[in-house]
Amino acid sequence: MKQGLILKSVLSAAIIASLAGCATAPAQQWEADKTYKLTILHTNDHHGRFWQNQYGEYGMAARKTLIDQLRADIEAQGGSVLLLSGGDINTGVPESDLQDAEPDFKGMSKIGYDAMALGNHEFDNPLEVLFKQKEWANFPMLSANIYDKATGKRLFEPYHIFDKQGIKIAVIGLTTEDTAKIGNPEYIGGIDFRDPKEEAKKVIAELKKKEKPDLIIAVTHMGHYQNGEHGVNAPGDVALARYLPAGELDMIVGGHSQEPVCMEGPNLVKKNFKPGDECKPDIQNGTYIVQAYEWGKYVGRADYEFRNGELNMVSYNLIPVNLKKKVEVNGETQRVFATSEIKEDSAMLEFLRPFQEKGQEQLSIKIAHSNGKLEGDRNVVRFEQTNLGRMIAMAHMQRAKADFAVMNSGGVRDSIQAGDITYKDVLKVQPFGNIVSYVDMNGQEVLDYLNVVATKPVDSGAYAQFAGISMTVADGKVSNVVIGGKQLRLDATYRFTVPSFNAAGGDGYPKITDHPGYVNTGFVDAEVLKDYLEANSPIDVNRFAPAGEIVYR
């Protein structure tokens, strides 16, 4: 970590703050008894998806067309627009990751984002990369609760003031304090991620004294948890709204938990939201809370009316960006647009295409070398423990700082041959873009889980590969479970990883996404394996060879 870069950012934030402090807040600019229209558009958890996926869904070119059209329509009716992002622009697909998300940040600038919250994945790279990204963005990256440990000063602009037809809007940025424990220690050792609730309280007091805004919006990367039940995660948006005096924040535009925040009733999230469904935002302690799922799949739209200092939401919806659904046509399954197709912006496509092509080229660059075959052939990996299955599990275990790891063999799609290894080889093994997730459970829960997962039959994708654990599997249950060299204790707490697909119940695994100890790390499996291969090259395949840890009888 380079202190010069930190100091540069601290000085920049300090200058901004001092200038704000010197200025006298202007008198009220809006007209009494006049109704103003204000629309907040928002996305979150972009995770490198600047290009459409293989089915032609989402992507920044289609998003630009949609947002340009919305902005034009709203302004033609006399309204104003503010476009916000809940953060996590980084980490998701190799074409973006290999280029430090340059197409993503520059693409956001072209779309016209007004501000974003810093997400935890903005700290997956060295700070030099983040400050470079800050220069690519022509909009402020906000976070009031990130401090430099050495100076005690904020690293980033805590808030930004916008004027929309005389309505003074303060937008505060907040970042989950969990970044301190899920981020890379090498890059964040000198950074203090403070309690965002406390920092919000401080900043709001400062704003009321110095700026006297008409509206205060928090753009956050903290997560939305039903009824504030955040489990092992740091408190999220619901806790923030409840912590502050009623109505202190007019709105929270969130991210991090990567879900559509659509409510069925008070403190009850709507399950299985689909494109085109009605979406009612959460309301907590007088504050609207919204989130637009992930990857630019939706653009959230909140329409407000502002009159005599009062803000009222008129409507809210999540607009799908070329999402598709499966239908049966003449006995064959096809994907069709769930709603009307959005044409991709040609200028944005022209801008992004060189980045996509460059990213594809970089996939052929050598990342590691192996002295033997890493076994992932379907007729082997679905029948027995293999060195590749174990390596993938070990990579997940290391990234999540877990005690052991579970990896479904159906997620291992190919072998890696001896010799040079490229990223393309990795993507052949793990092409699905599953996310590494983990859960903290007590020993009894772990035993119950293993009794289901470890007993899955061979010759199926559900057959599990393991790392960090040994056991005997017989008569439909497990015994002699040893984790970290010690016998399983029913009253102890253990952390294990599992692909997001299986965490959601895929392959008939127990669904654990609702478990209070569950965490979706946001790290894509192929990226995690790539990093592990690079760090451990040259690869000695014998190191990963199973040694009878899992005994089937």
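Note: Cβ is positioned from N, Cα and C throughout, glycine not excepted.
The local packing around D45 (divalent metal cation 1 binding site), expressed as other Cβ atoms within 10 Å of its Cβ over all shown chains, amounts to 29. Here Swiss-Prot flags D45, H47, D88, Q258 as divalent metal cation 1 binding site.
The divalent metal cation 2 binding site annotation in Swiss-Prot covers D88, N120, H221, H256 and is backed by similarity to another entry. DSSP assigns H256 (divalent metal cation 2 binding site) to coil in the three-state reduction, outside any helix or strand.
According to DSSP, D507 (substrate binding site) sits within a helical segment. Under the heading substrate binding site, Swiss-Prot lists F432, F501, N502, A503, A504, G505, G506, D507.
Here Swiss-Prot flags C22 as S-diacylglycerol cysteine, drawing on a curator's inference.
Positions annotated as N-palmitoyl cysteine by Swiss-Prot, on the basis of a curator's inference: C22.
Annotation comment: Swiss-Prot describes 1-21 as signal peptide, evidence class sequence analysis.
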Neighbour count (Cβ, 10 Å) for H256 (divalent metal cation 2 binding site): 32
Rounded to the nearest Å - Cα separation of A504 (substrate binding site) and Q258 (divalent metal cation 1 binding site): 14
Q258 (divalent metal cation 1 binding site) versus D507 (substrate binding site) - Cα distance in angstrom: 22
Binding-site residues compared (N120, Q258, N502) - highest count of Cβ atoms within 10 Å: N120
Which listed residue (F432, F501) has most other Cβ within 10 Å, given these are binding-site residues: F501
Local backbone state of D88 (divalent metal cation 1 binding site), from DSSP in three classes: coil
Collapsed DSSP category at F432 (substrate binding site): coil
Densest Cβ neighbourhood among D88, D507 (binding-site residues), 10 Å radius: D88
